Amino acid sequence: MLQYRIIVDGRVQGVGFRYFVQMEADKHKLTGWVRNRDDGTVEIRAEGLEESLKQFLKAIQKGSPFSKVTDVKVEETKELDGFQKFNISY
């Protein structure tokens with residue numbers, strides 16, 4: 001199991017991107033959360049198997065139909081939080 005901290009930049013707020021991220025996380029059996037940040041980016045914490053996280057990242061980089069992803073920063077964190085499911089945080 002791994003945990004990634006992901007920051008997504010572009011047109012990713014107000015376009016259903018967090019819902020898209022949650023659906024992709026569920027599809028890949030990941031746990032964690034996604035939230036909007038004050039600077040216009042979206043932050044994601046995702047835990048799961050390495051291959052599942054890689055597939056999830058591919059989907060995130062592609063984006064949802066109404067989003068336009070311009071940059072994705074990924075950092076593997078040292079800790080696991082043991083999330084039970086994947087949530088949208090407000």
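Here the Cβ of each residue, glycine as well, is placed from N, Cα and C on the backbone.
Among the features that Swiss-Prot reports, domain 'Acylphosphatase-like' is placed at 3-90, with the record citing sequence analysis.
Annotation comment: Swiss-Prot describes Arg18 (among others) as active site. Taking Cβ-Cβ distances under 8 Å and a sequence gap of 6 or more within the same chain, the neighbours of Arg18 (active site) are Val34, Arg35, Asn36, Val42, Ile88.
Residues or ranges marked as active site in Swiss-Prot (evidence: sequence analysis): Asn36 (among others).
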Practice problem: Look up Arg18 (active site) in the DSSP assignment and reduce it to helix, strand or coil. | Solution: helix
Quiz item: Counting each residue once, how many in the domain 'Acylphosphatase-like' (3-90) are helix, strand and coil under DSSP?
Solution: 24 helix, 34 strand, 30 coil
Exercise. Determine the Cβ neighbour count for Asn36 (active site): the number of other Cβ atoms within 10 Å of its Cβ.
Key: 17
